[in-house]
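Presented below is the structure to which this report refers.
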Amino acid sequence: MTLPLHLSDEVKAACDAGTPIVALESTIITHGMPFPQNVETARAVEAVVRTNGAVPATIAVLDGNLHIGLNDAQLDALGQAKGVAKLSRADMAACIATGGTGATTVAATMIAAHLAGISVFATGGIGGVHRGAETSFDISADLRELSKTPVTVVAAGAKAILDLPKTLEVLETLGVPVIAYGQDSFPAFWSRNSDLAAPLRMDSPDQIAASAITRARMGLEGGQLIANPIPESAEIPREAITPVIEEALAAAEADGISAKGVTPYLLDRIFHATEGASLAANIALVKNNAQLASQIARSMSEA
Ligand code: PSU
């Protein structure tokens, strides 16, 4: 039995021609944004990748097949489907083996991208150490994946609903390079800055590509996290978003939300509390990340 890996025609052609490819995840579509903005955003993000000289590969498991690149109909169906699994390293193979359908998180998308030979991936914000993790032990599998799988992940930092200092500590322990793009501070998803310094800073896609290539030559396993701040015009200032996050966290606790349910619950709650402003910011930051990821992929393919 071989792995049911399906490359879209566009991705297949790009692989053959050596055109740079940028992987995109699907949990942001099924669990991160409401319909129809989720599908509109997925298409807009793919368009940003194409405009920037690369080919987009949105990744998902559909009826037991691991798809690298979705067509219009597949994207549309996934964006409206109910009860889609949220896949990570632990359950991705089980979903494929049992003919299931699931959206890929950052961890699962990294695994799939690597299987398809894609080394750059754009998303919104990675999962990380949840607040209260000292008692709940809720730490996203995204962090360990970054330490194992050689894919450069472009995100607007980690979502500000998380415990950012602990997230950075775990990434350091795991040996993951955390590189802020064009600034010293670690970005906080909806806001450009946190009060934390990023461990590393780079100012050009070429430096980021060279860093990934150097790690590979050194035989260092794992990828790198590129923390790309949200564009200034789209950011929600920290003073404005902080009380909203606190309220959402308190509601999640009162409602007994845990494990994989936490992040989608909080994002939805914050969306309603900000009357959609958090979603507009999220869309802007994903597009911005897709642009940088495309530039990095181009630089890697020219190296
Ligand atoms: N980026 C977004 N929205 C999202 C995600 C990323 O802008 O919803 C998803 C990613 O798939 C990431 C997941 O892996 O959130 C993290 O979930 P958790 O905290 O349960 O590990």
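Glycine too: its Cβ is placed from the backbone N, Cα and C atoms.
Automated prediction, rather than curation, is the source of TrEMBL annotations.
Because the structure is a prediction, the values reported are computed rather than measured.
The feature active site, proton donor is assigned by TrEMBL to GLU25. GLU25 (active site, proton donor) carries neither a helix nor a strand DSSP state and counts as coil.
Annotation comment: TrEMBL describes LYS159 as active site, nucleophile. A C-beta separation below 8 Å, combined with a sequence spacing of at least six in one chain, links LYS159 (active site, nucleophile) to GLY124, GLY125, ILE126, GLY127, GLY128, PHE189, THR263, LEU267.
If you look up TrEMBL, you'll see LYS86, VAL106, SER140, ALA141, ASP142 marked as substrate binding site. VAL106 (substrate binding site) falls within a helix when secondary structure is assigned with DSSP.
Annotation source TrEMBL lists Mn(2+) binding site at ASP138. Residue density at ASP138 (Mn(2+) binding site): 19 other Cβ atoms are found within 10 A of its Cβ, drawing on all protein chains shown.
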According to DSSP, ALA141 (substrate binding site) sits in helix
Not counting LYS86, VAL106, SER140, ALA141, ASP142, residues with a CB within 8 A of the CB centroid of the substrate site are THR27, SER88, THR105, ALA107, ALA108, ILE126, GLY127, LEU143, GLU145
Across the recorded positions (GLU25, ASP142), the Cβ with the fewest other Cβ atoms inside 10 Å is that of ASP142
So which recorded positions out of LYS86, ASP138, LYS159 are up against ligand 1, CB under 6 A? none
Including all protein chains shown, what's the count of other C-beta atoms within 10 A of the C-beta of SER140 (substrate binding site)? 26
Can you name the residues of this chain that are 6 or more positions from VAL106 (substrate binding site) yet have a C-beta less than 8 Å from its C-beta? GLU25, THR27, PHE121, THR123, ILE126, GLY127, SER140, ASP142, GLU145, VAL153, ALA155
